Each structure stands twice: as structure tokens, then as C-alpha cells.
Amino acid sequence: MDDNKRPLYLPFAGPAILEAPLINKGSAFTDEERIFFNLEGLLPHVIETIEEQASRAYDQYKNFSNDLDKHIYLRNIQDTNETLYYRLVQNHITEMMPIIYTPTVGMACERFSKDYRRNRGLFISYANKDRIDDILNNSTRQKVKIIVVTDGERILGLGDQGIGGMGIPIGKLSLYTSCGGISPAYTLPITLDVGTDNPHLLEDPMYMGMRSPRIGGEEYTEFVEAFMQAVHRRWPDALIQFEDFAQKNAMPLLERYKDQYCCFNDDIQGTAAVTVGSLLAACKAAKTQLSEQRITFLGAGSAGCGIAEAIVAQMVSEGISEAQARKQVFMVDRWGMLQSNMPNLLPFQQKLAQNCDDITSWDNFSDNISLLDVVNNAKPTVLIGVSGAPGLFTEEIIKAMHSHCKRPIVFPLSNPTSRVEATPKDILHWTQGQALVATGSPFEPVVVDDVTYEIAQCNNSYIFPGIGLGVLASGAKRVSDAMLMASSRALAECSPLAIDGEGSLLPKLEDIHKVSKHIAFAVARTAIEEGHALPTTNELLTYAIEDNFWTAEYRSYKRTAF
């Protein structure tokens, strides 16, 4: 029997039910439920359907004039009645995605302490490092299957937001549910409060986190280790997603734990998966292969290098050598293009640095090769921005790229919108509508010479909900590189532009449930093939995906003994 139709037996009654967002139905409680659960007189007389409630909520939502107020309003509904919240979001997913997540969630993180209203998730501070097990036991969610955790040090492109970073795990898990059908009862946002180095927060009397500099070194490593072990003891099968950790910690934590626990880093691996999926779709639309492209990155941090490594892996799978693939990828950071003779390169950057002997013939060869120099010499067909610095894809750079590439692929992926390397409008006008553009944040369609171009949002929300659903449906114990690659290929298979030769590079958000299920199947099948999940048939796997897919419908309640 469908869980959404099976009665739920509750051992409590009265106002407590109305204060529990996972089970509150508000005006939708039936006459029978109002009698049995002592709710008579606590609600208006009329019994409403969830659609009637959602219609009223949407009317109220439209009364707010700015995005932050809309975000706060939706969060209040989420903290009051989660089923209604997800029905409302699912009814207006394209309109509300930028409100519940990027770019609006960035403002919410900056104002987290000032706008704080109600608890959600867990805050685990370093001061309580010896009581992590007790804190996990205090969670209102008992059957946790997906955790998103941050330490708040690198929130979007906004830097250290301390515990204000909690807005990101809350928002990400909202997308796991609204896009991937993960029951909100199975999700838990967690913030590790290890202090902050943001002077504005340290001086802010309203700041609600630890007012001390961030811990680091062995103290930090041991604290995260204690957290991971405690989570594994409490919920041994939970999927853990690392979110918005600083570069110096993100890759080491991923390398340390990816083979120990079922975990992944969305900034590194999720971003890489959705970017590769988008590139595969663009290549398919252009009737070419990724291994034929020359790719330049602006931004050589953990996210950029993670994408680059995923691209190299895909190129190798298409038949070229790893050495050749790396010669076709050019990484540029604030000091110029990464070269093998540069000092102080991080380990994950060293593998992507160009050999100096291969580029000595370039014009303007020096120790500091600019992005424009790379475009003029390497003649890239793909340009990807993950720098967090706005406006760096200049008209000169885009036109130089277009001069040697008829249909340049340009992905300014930095979030939020204020940090984008160039707007789609500028890129398309500079290339007379010839560029294939995808962005990290949402943008309106662009009109060039009476032709309207839909702007694909190369957002991780296309990928991680499907990964989560695939892990849950298969019971996978790890998230492997092959599973992530499978998610990229599955996403590319859903591209309207690749399928029909027209439309957006990525599917419409209205189709996200179909996309997530398609990705979930590919991820789960790969997990089984690699031995990370128990064998099953395709038919049973499809059934498991549907069985795990939660929809925003009210269940009937029955009273049980206290």
C-alpha cells in the first residue's frame, strides 16, 4: 500500500499536533480527526483540501514585494506545515526555486541571526564536542536517511557566514524533497559551529553562534571525525552531503571519508556532475564529443578542479589518453593559468597544471598568463566560470573566443547572481546568439534579433536529488565516481536541445521529478554493478524508486494509545 494512503497512527493529541510541522494539516483535519485528536475549536469550521490551502498561501505569497520576504514567508510555512509547503513549492517550482535556494538563500544566510524565528535542524558547536551523540539523539527526526552538513565557512560566493550558513542545508534538503521526492521526515540539516573569522559577525550582538575565531588544524580534524563517527553510530545508512566547506577543508574531508561512509561533496562532485551533464548535452546538440573540446576554466579552486577532473574522466571514457585529456584543459586563477613550475599549488591543482614545455611557443608566454592570453593561444571551445568574481568574462574575451569557435559553449556558473562572470544577455549579444549558455543562478530568457533563447540553469538541483533518490532506492553504501558519472550521462539524455535540436540545454524545472527518477535509476544501477548495493532486477529497482518517492499529500490519522 502507498505510504501516502496508509493511515498514520499518532500517540498524542491536542495543540501538540498543530505544533508538529511534519504532521500538521491545519484546516484540512477532518471532522473525525478533530474529534479524536481533541482539535475541536482549535481550527476554523471549514474543512479544506490541500489545494485550497495552497491557493490561499500563494495569494499571500504574491503580496510580498521582495524576494527575502517571500523566502521568510515560505520558511514560516515550512516550519508550520511541511506538506503544505512542499505542495505549494511543487505547484510553482520554477517561480519559487530562486526564492527557496539561490540566489535568495544567500541573503537569508547573511541575515540568519537577525531574522531567526524557529529552530530547524541541529547546531553542533565545538564547545559541545564531547556530547555529539546526545545532540544527535535530540533530533526531532528519528529515521534520518539524508544529512546535509556545513561549517558555514564558504557560503556560496559570500564567504564565512558562521552559523548563518544553516540556510544552505535547509535549502538543499528542501530541494531533495521538492525535486527528488525524498520524504522530509528522512532529512536533517546540520551546522558545525566551529567559530567564525567574519569580523562583522564577531562584533554583531545579534549573532547566535560561537563568538570566537574558527578552530583549525588537529582540533578541527578531530571534531569532524567525532561528528562522522557519531552520525554513523546513530544512522549507519544515512547519506551525508558536505556543503560549502572552505577549499582547504573540502577536498581533504572528501578524500578522507568517501571510501569510509556513504557521502559526497556537492560543491565538488555535484557541481562537476551537473556541469559534465550539461556539456554532454551541448556536445550532443552540436554533434560532437566532449573529448574533442578545448576547455578553459576561470577559477581553480576545489569546485573548478573537481569539474575538470570529471571532464578528464569523461574524455578518457570516450577513448583518448588521460595525458591528452589534461592537455586540453586549461585552469586560470587569480595568478594566471596554472603551470607546472608554479610554487604553492595545492595537490589537486598540480595534476591540472599545464607543462611549461608545451606552452613556450604561446604569444605573451610568461609566469602570469591571463585569461585573454589563454583564449587567444589555446583557442578554447568551452569557457567555464567558477571564480565567484563578477564581470571577468569581458566582451573582448568572449569575442576573441567566438572568432575561432562558431558556437562557443560558455558557462558562467558562479553564485549568487551578483557574482556571475558575465550575464547571458551580454554573452548572447556579443556572439550574435551563437553561444550555448548555461548559468549557475536563474536568468530570464534573452532575445537577440527576434529570437528568444531560454537560459539553462546549470544548477546542482538537477543532480543531487536524483543521486539521493538512487542511493535510498538501492540501499547503496557508497557514492562512487562511476555513480556520479552515470548521473551526468542520465541528465544529458534528458536535454531538450540534444533530443529535439531546439529548446533549452537542460530540461524545464516542471519536469524535474521525471529527470530525478531517470537519474536515480542510472545511479542505482551503477551502484549495483559496482557492488555498492545488493543485486536486483530493473523492474524491482524501478518499483523501489517509485516506492521511495514522496508526494505532498495529506495522510489520514488514527489515534493510538498514549
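Any Cβ shown, glycine's included, is placed from N, Cα and C.
Now, the feature entries from Swiss-Prot:
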ACT_SITE  Tyr101  active site, proton donor
BINDING   Arg154, Asp267, Asn415  NAD(+) binding site
ACT_SITE  Lys172  active site, proton acceptor
BINDING   Glu243, Asp244, Asp267  divalent metal cation binding site
SITE      Asp267  site 'Important for activity'
Arg154 (NAD(+) binding site): secondary structure state under DSSP, collapsed to three categories: coil
Proximal but sequence-remote residues of the same chain as the residue listed as 'active site, proton acceptor' (Cβ under 8 Å, at least 6 apart): Tyr101, Val148, Pro189, Gln241, Glu243, Asp266, Phe464
Residues satisfying Cβ distance under 8 Å from Asp244 (divalent metal cation binding site), sequence separation of at least 6: Thr150, Asp151, Gly152, Glu153, Arg154, Ile155, Leu156, Gly165, Ile168, Asp267
Local Cβ density at Asp267 (NAD(+) binding site) - other Cβ atoms counted within 10 Å: 26
In the chain carrying Asn415 (NAD(+) binding site), residues 6 or more apart in sequence that have Cβ under 8 angstroms from it: Thr102, Pro103, Gly106, Leu156, Gly157, Gly440, Ser441
Cβ within 8 Å of the mean position of the Cβ atoms of Glu243, Asp244, Asp267: remaining residues of the chain near divalent metal cation: Thr150, Arg154, Ile155, Ile168, Phe242, Phe245, Ala250, Asn265, Asp266
